[in-house]
């Protein structure tokens, strides 16, 4: 029996709509944060923000079209 599981990749965002910053965090920070929302793996992209792989569809990711970080669009 086959099962289709939808996953997505992207920048992890917090409740404020902002990307998770990683510039001053330890190397494993992003991988830990991504796995916390059931992502497969993650890394600190250009030492600025956490990028996650294979996250479930319910996990919030940053989108430039709907960016609401600190009330901005």
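The backbone N, Cα and C atoms fix where each Cβ goes, glycine too.
Remember, predicted model here, so these are calculated numbers, not experimental data.
Some features that Swiss-Prot has for this protein:
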SIGNAL    1-7  signal peptide
DOMAIN    8-70  domain 'LCN-type CS-alpha/beta'
DISULFID  18-69  disulfide bond
DISULFID  22-44  disulfide bond
DISULFID  30-50  disulfide bond
DISULFID  34-52  disulfide bond
MOD_RES   70  arginine amide
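Feature annotations (Swiss-Prot) mapped to structure.
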residue : record         : Cβ contacts under 8 Å, 6 or more apart
18      : disulfide bond : 69, 70
22      : disulfide bond : 29, 30, 44, 47, 48, 49, 50
34      : disulfide bond : 12, 40, 41, 42, 50, 52, 53, 55
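Residue 69 (disulfide bond) falls within a helical segment according to DSSP. Neighbour density at the Cβ, taken as the number of other Cβ atoms within 10 Å, is lowest among the disulfide-bonded residues 44, 50, 52, 69 for 69. Look at residue 18 (disulfide bond): DSSP puts it in coil. All protein chains included, residue 30 (disulfide bond) registers 24 other Cβ atoms within 10 Å of its own Cβ. Under the three-state DSSP scheme, residue 50 (disulfide bond) falls in the strand class. Note on the domain 'LCN-type CS-alpha/beta' (8-70): its mean pLDDT in the predicted model is 92. Of all Cβ atoms in the shown protein chains, 8 besides its own fall within 10 Å of the Cβ of the residue listed as 'arginine amide'.
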